[in-house]
Every structure is written in structure tokens, then in C-alpha cells.
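Per Swiss-Prot, the features are:
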BINDING   Arg122  pyridoxal 5'-phosphate binding site
MOD_RES   Lys224  N6-(pyridoxal phosphate)lysine
Amino acid sequence: MARLLNRWHLPALVRRHYSSRFQSLRIEKTQSPKPLPDSTELQFGRSFTGKYPSQTRNHILKLEWTTTQGWSDAQITPYDNLRLDPASCVLHYAFTCFEGMKAYKDPHGNARLFRPEENLARLNRSAARLALPTFEESGVLEFLAKYVDLEKRFIPHLPGHSLYLRPTLLGTDASISVSRPRSALLFVIASPMGDYFANGMKAVTLQATRSPVRAWPGGVGEFKVGGNYAPSIVPQEEAAEAGSQQNLWLLADRESGEEFVTEAGTMNLFVVWVSSSTGKKELVTPPLDGTILPGVTRMSILELARERLEGDRSGIEVVERRITMRELAAASKEGRLLEVFGAGTAVVVSPVRSIRWGDQCISCGLRDGEEAGPMSLQMKTWLEEVQYGLVEHPWR
């Protein structure tokens, strides 16, 4: 199975479908620039620089691809609707993958991207898995930087605010044949975003969900493809009806019956506990076994923790291993479960108060009146210090 999963990570697979090098970028600026939105009214994913709150336009970055011509020159044009043939393969077979990124403003008013090369590399891996064309990452990054520079006035110069970027690649081939697309479109849109926790962090409750399953061995759970997301909406609504804010996606082992933790909603999951075997404090997250999305925030938390916590007086060990629900329940009952939190681009860090698992409610270490534990707060602080340019770091 390892060979099956690892083959999608081979750089050669990504490079194989480079059809041309990018030549140039054409910029057509809008003649009716959109007014800046009220930062208090920003809604994640709904406040776009081209559509909100009026019908004036700003910009979209687009690159087209065909099997005969390869990648076209990049274009930044006034924001407008896409034009797709009703037979476009994306509409029938979900030939689409995407990324979530953010641009920030540093104390000097400069726009900053956080580890964009990691997002573009992941987008290429997703594209290769879906038989979509891959691209030269350095070229797209250059165009993306120019797009952000053009839209940077939409980045609120306020703590916790940013400009959310959505690079999307989709197959546009007008064919209902189930085959490799002969044409595709890569585009980027931007959405101003307020502080996810405008009134301070708020811990959530998760609903442990064994069925339906979000991802399985040999599937596409490790790729950011559109088909992974629509099927999660009904289970999320069911979790909300049961009093939880998100699902905790489980993967059950048929032989042992053990239920393994994978992701929390659309976030990677982290656990802070005292190990039952060593008595040491650990920061644990499930490994990248093909069912877990390799989140950029996840990777950054692991790197920061290893850089600043391991070997420190804190005595925390950073561990990537499978976690079972039985272990979580036992750690909570024995007072060893100190914190649980999710991590992702949109939310950065999201503390978890409890997990509903069957007829059990597993307490995740927070005291009454406490909305976040020390590790959650520390990781959020460290990440945002780098993202907003408040400290020197190689990721800059």
C-alpha cells in the first residue's frame, strides 16, 4: 500500500505534464475599483474583492491550458463570471482541485504570503492525481505575487485580518467522456477575511463520525480535490443538529474494531497528553498515511514545536502516530488529556472542548470558562508572529 500512496508524490509525475513554460503576464486593471468593505462585516468565503458589497469589479488571475498549446500567458483581468460549456468535464466528473492561502500585512504595510511554495506544490500533486495539467510553480508564484500586490488594499491592516486566496484548477474540456481533460483553467480569486475569532477563541465540540467515512487507504484523502468536500456537508449538518460544531472523522479497522482519528472537519487534529507508557508530555498528530491532508499549518506547527519545544525545559515530545478513540477516552478519564485542537489555514488554531463518541462525552482538558489551552495559544501566537512579519524567520 505504501507504494500505491507514494507514487503520487513523485516529482517526475508532476513534471511529466508540464506542457510549456509561462511566457508573460498581461494585466488589465478594472476601471471601476470596488470600495473597501467594512472590516466588521467580513464573512469568510463570502466577501470577494470583485463582488462585495456592490457590482463594481476588482480582479481575477487566470491561466488557460490545452493539450496542443500548453499553458497560455497569464492574465489579471477585472473580476467576472467564468464561461463554461455545459459539457465541461468539471461539471460532470469533478475534475477540480484547489488551495487555500492567505496574504497578510506586516507592520510596514507590505503584503506577505505565508509559505506559498508549499501550497503550490500541493496543488500540483492534486492536479497530477486528477489527470489535470501541472505547472511550473515558480512561474505561478510570480504571477500570484503580482496579483496580491494589485489587491493588497483589500488586506485590512488589523490584527487577525488577511486576504484569503483561492487558487483553483479545473478541467474545461467539453466532453462527457471519462478521460484526461484536453483543456483546463487555473484561476485565483481573493476574499478579505476578518479575525476568525473576532471575540476571542471559542472552543468547539466535535462529533466522532465513523460512518460516513471521509477518506480511506488508497483513496484521495491526502489531496485537496473538490470531491472530498461536498459529501461532508450532510454529516456536518447532522453533527450540528446533535449539538456539535464539526465532525471528528474516524477510520475503523475491520479486524480489530479500533477507531482511528483522522481529521476534524476540514482541519488537521493535534492532541496534547501525558503518555501512558512513558509518562512524558506529548504533542501528537496522526501521520500522513494517505488519509490525511498534508496541511501547511500542520507542517508549520510540527516544525515550530520541534524547533522550540523539543529538548526545552517544557519536556514535550513531538510525535506523529495513529490515535484511537479508545486512547483519547482513557486519557481523558485518567486526567492525562491536556488539550485537543484543530489547525488549518482559515482558522489557524481551533481549540476543542469535548468530543461526543457514541454515548460518551470526552472532555478535552479545558477548565470551566477556559476557551483555549496553553499549547493552542502558543502555536497561534508563534504562527501569527511569522505570518504578520513580527519576527524574523526563514519562512519569510
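Yeah, the Cβs are placed from backbone N, Cα and C, and that goes for glycine too.
Values in this document were obtained by computation on a predicted structure and should not be read as measured data.
The least crowded of the recorded positions Arg122, Lys224, judged by other CB atoms within 10 A of its own CB, is Arg122.
Under DSSP, Arg122 (pyridoxal 5'-phosphate binding site) is assigned to a helix (H, G or I) in the three-state scheme. Taking only the Cα positions, the spacing between Lys224 (N6-(pyridoxal phosphate)lysine) and Arg122 (pyridoxal 5'-phosphate binding site) is 8 angstrom.
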